[in-house]
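Here's the structure we're looking at; comments come further down.
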Amino acid sequence: MPPRRDLKKILIIGSGPITIGQAAEFDYSGTQAVKALRGAGYRVVLVNSNPATIMTDPELAERTYIEPLDLEHLEGILAREAPDALLPTLGGQTGLNLAMALHEEGILQKYGVELIGAKAEAIRKGEDREAFQEAMQRIGLEVPRGQLVGSVEEGLHFAREVGFPVVVRPSFTLGGTGGGIAHDEAELVEVLSRGLTLSPVHTALVEESVLGWKEFELEVMRDHADTVVIITSIENVDPMGVHTGDSITVAPAQTLSDVEYQRMRDAAKAIIREIGVETGGSNIQFAVDPKTGRQVVIEMNPRVSRSSALASKATGFPIAKIAALLAVGYRLDELPNDITRKTPASFEPTIDYVVVKIPRFAFEKFRPLRNTLGELKDELTTQMKSVGEVMAIGRTFKEALMKALRGLERDVRALAGVRTEELEKKLYPNPDRVYAVMELLRRGMPVEELYQATRIDPWFLHQMKEVVEAEEWLKTHPPKDREDWRFYKGLGLTDRRIGELVGKGEKEVRAERKALGVVPVYKTVDTCAAEFEAYTPYHYSTYELEDEVWPSQKPKVVILGSGPIRIGQGVEFDYATVHAVWALKEAGYETIMVNSNPETVSTDYDTADRLYFEPLTLEDVLNIVEHEKPIGVIATLGGQTPLKLAKGLEEAGVRLLGTPFSAIHQAEDREAFHALCQRLGIPQPEGRVAQSPEEALRLAPEVGFPLLVRPSYVLGGRAMQVVRDEGELKRYLEEVYAPLEERPSILLDRFLEGAVELDVDALSDGQEVMVAGIMEHVERAGVHSGDSATLLPPVHVPEEALKKVRDYTRRLALALGVRGLLNVQYAVVGEEVYVLEANPRASRTVPFVSKAIGVPLAKLAALIAVGKTLKELGVRDLDPVPPYYAAKEVVIPWIKFPGVIPELGPEMRSTGESMGIDQDPYLAYYKAELGAGQRLPLSGRVRFIGEGLEDLKALYQEAGFALTEGEDYDLLISLVPDPELRRAVERGLPFITTREGAWWSLKAILRARESGLRVQSLQDWHQKAPRG
């Protein structure tokens, strides 16, 4: 069937700001789909409120709208653009829910827009829990017994029938939001009340528990001709009860018998046909009772999902790209496999390696010790809590597991010092469980006992035990020949770990291994187990004899990615590395990407010329550098992870491109930076560096309270706090500093109360400096810059202060010897400007500033790194200021951490961001708030909590708002961490926790009342901006 030519213009909805349960995988799938559809001759309109994405780059779609993802703005875009079709399956749950709302409200019909990829009925059947159960019964497949309920009473009635525990799954929510496991009636009342509130349709499925069963997923694709292919099977190492996004997973499935697998395949094909997903991908989840083999269907996602991103990276089969092309009428057998160029997409991938994914968590950012449910603070349940993930490829499960563990950037012996009885308490589902299991295996706990405690399949436990036994043997039998070395390295053991076991240093072990000629070989991900030649260079390392990767003779550059997403190091850094790859490719260099994150555009097989899917450790990166012999490595774009490798790479003789390591060190070394600022005559707040807690207590009175305290060398404000007296400082040192593994020095800074903070992104070639963007923080000093709303250009900073900011930024860039990007943070009091810190690397604001001014900063930085100047790159305006305002607001996943009361402080907690653009700064702010899910009411009741709020109350009353003390309000403003804030989170109501936020929000509300809704594409905004 030829592609549909009756469709000319297609609208794609993105997934909005990154949050837990919906991360960079949708940027990856959306980017792939836009490229595929434009390549097939379609015009593409994209809408997404998230500026930190590749998909919102103005070059990608024909028209790009960075607007809030709600019905009003979508209708405005439909009216303006008149697309023929809407593809809803690439924007995660957000995109799917929005498409359904547009359909149900009759808006799609009004504008004559067709839903493609998945019809409304298929989406309803796949997402509506009751409809899905009925569909499964029709085709004779078992599901756990369950009932769709609309009230707590109905839920209690059903639970009494089937017995506890029961699982609660709210309808149409993301990453299991609002769901959970209830072990008794009191817990059910709590979980179900929350779930019913958070479900957009206020229903939830209460079902019998299959806790402890094995969990499997199949990625399935279907075309118009009813060809169905299974892309891969995925097995969850953690049993049922842990959300699949929070579970360690492995592909292909390892413990299914062939008969069980065939049964599952047949079921998956029947399901995709019954639900009616005519084109595209679906993810179907099954549970298997390990005792009886009983197989039940858990759920399906009739869209591209987190698992499909993982399946794409695991197999090399581009699910999102193929799904987009199937949606416009192609058949699977008409689409070639990019990797082999010989086989069509209707050939199921075959893989001759094992892939392991491990999630990355951020519990340390959200700290109540117990929530009201009695869940332990880091317990994993059916509600997803991880913020990122790492993937590794090996020839065996053991090798892939050990590579993935080191990709998390944590010591595999993280729990070595913990007492056995404490370790036994860590066997409930939590992020440390895999470390506890391995440590207990080292101490001789039998596999059967561990199985009873964890329900992790004995096969996986035996695999871990084999690694542990090999480590034990190694202590007394150091490797003596190549075979020994290959055996130990083939288990995924690092040089450092081998060194610890045999009593040698990492460098010595590396030298011994290389002297024997034992180096990794690189294998290729080819979708066909080496049956056909592969044309796309996508590689992983292993310790075997045959190398499948031959380096070319072209000049090449290695770009280091940022590893798993975490709070403080998000998709913004992936954005910067992808732009660098594209720029260097255009400039004629062969680009080599090294990264371990399966969710991102950087690890797409067609982003760089070569992709090494490897952990970002010094050993792994040096192996690649020695294999490829590049002209140099770029380590300043991927955040703190590659930056930490810069010193080791330089010591090993690797050339760092761009800003030299000496500049990075000078900016991060407190005393060196202080001396530099004094020499340049740039004011800094009073500050000291202490090497121990005792010294910190002695120095604090010299600097004077209040103090901003933090450990040196951290990202995302980890362990940063404002302390107001000696008692608070002592508590900080005992509770926050003492548990840190590395015990760095302690920075004590005078805290400037009431100062306006500015964030500046600049670009330097060593001669000239472009001050690309100056951003004003809405929240005052003391709130981490990554958690503050920002405006570009600034609204409330005097011109005299801005002149100083530009001048100081130029002086710092040139004095540090920056060749590339520089981020500087300032505090402004009146016209006085103080520098807080400078980071000679890509910052998390680079995508936002690039979109705001219409200049691709990361691309320019990469070209400067290989010797170009700003003049040569055609940059004429060194102080670009757009003739409109761009606002950025952050998203913090409070809802995922029951019991946590929202509060902003110096430690970063946001996972994502939204952007608003308008001629008026307050309307830009209003749009950014809407984009972040904060629906500020234009009228209604406001409740205030806290002292000294009379001025704000008067302003809100003057604006026509009624004040209330009760629970029935439309907006909550609480300047103290009151439990009512938690209730607002759970009821989905807007809330504000800072005085500045309340003031800005009121101004924004007043402007939004006056002016109607305006939507405009990024391309149109950029027409107005002065070209750099």
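Keep in mind that glycine also has a Cβ here, set from the backbone N, Cα and C atoms.
Annotated region 'Carboxyphosphate synthetic domain' per Swiss-Prot: 1-409, in sequence order, evidence recorded as sequence analysis.
Take the CB of Glu299 (Mn(2+) 1 binding site) and look out to 10 A: across all protein chains shown you find 18 other CB atoms. Under the three-state DSSP scheme, Glu299 (Mn(2+) 1 binding site) falls in the strand class. The annotation Mn(2+) 1 binding site is assigned in Swiss-Prot to Gln285, Glu299 on the grounds of sequence analysis.
The Mg(2+) 1 binding site annotation in Swiss-Prot covers Gln285, Glu299 and is backed by sequence analysis.
Taken from Swiss-Prot, the feature Mg(2+) 2 binding site covers Glu299, Asn301. Neighbours of Asn301 (Mg(2+) 2 binding site), defined as other CB atoms within 10 A of its CB across all chains, total 22.
Annotated region 'Oligomerization domain' per Swiss-Prot: 410-549, in sequence order, evidence recorded as sequence analysis.
If you look up Swiss-Prot, you'll see 550-933 marked as region 'Carbamoyl phosphate synthetic domain', on the strength of sequence analysis.
The feature ATP 2 binding site is assigned by Swiss-Prot to Arg710, Arg750, Leu752, Glu757, Gly782, Val783, His784, Ser785, Gln825, Glu837, with sequence analysis given as support. In the three-state DSSP scheme, Gly782 (ATP 2 binding site) is classed as coil.
DSSP assigns Gln825 (ATP 2 binding site) to a strand in the three-state reduction. The Mg(2+) 3 binding site annotation in Swiss-Prot covers Gln825, Glu837 and is backed by sequence analysis.
The feature Mn(2+) 3 binding site is assigned by Swiss-Prot to Gln825, Glu837, with sequence analysis given as support. If you take the C-beta of Glu837 (Mg(2+) 3 binding site) and look for same-chain residues 6 or more apart in sequence within under 8 angstroms, you find Ala667, Phe673, Val824, Gln825. In the three-state DSSP assignment, the secondary structure recorded for Glu837 (Mg(2+) 3 binding site) is strand.
Under the heading Mg(2+) 4 binding site, Swiss-Prot lists Glu837, Asn839.
Around Asn839 (Mg(2+) 4 binding site), the same-chain residues at least 6 positions away in sequence with a Cβ under 8 Å from its Cβ are Ala667, Glu668, Leu822, Asn823, Val824. According to Swiss-Prot, the Mn(2+) 4 binding site annotation covers Glu837, Asn839.
Residues or ranges marked as region 'Allosteric domain' in Swiss-Prot (evidence: sequence analysis): 934-1028. Across the residues of the region 'Allosteric domain' (934-1028), the predicted structure has a mean pLDDT of 93.
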Which binding-site residues sit within 10 Å of Gln285 (Mn(2+) 1 binding site) - Cα, from Arg710, Leu752, Gly782, His784: none
By Cα-Cα distance, the member of binding-site residues Arg710, Leu752, Gly782, His784 nearest Asn301 (Mg(2+) 2 binding site): His784
Tertiary neighbours of Leu752 (ATP 2 binding site) (same chain, Cβ under 8 Å, six or more apart): Pro685, Ala781, Ala827, Val829, Tyr834
Glu299 (Mn(2+) 1 binding site) versus binding-site residues Arg710, Gly782, His784 - nearest by Cα: His784
Long-range Cβ environment of Gly782 (ATP 2 binding site), under 8 Å and at least 6 residues apart: Leu708, Val722, Phe751, Glu753, Gly905, Pro906
Number of helical, extended and coil residues in the region 'Oligomerization domain' (410-549), per DSSP: 72 helix, 10 strand, 58 coil
Helix, strand and coil totals (DSSP H, G, I; E, B; other) for the region 'Allosteric domain' (934-1028): 41 helix, 13 strand, 41 coil
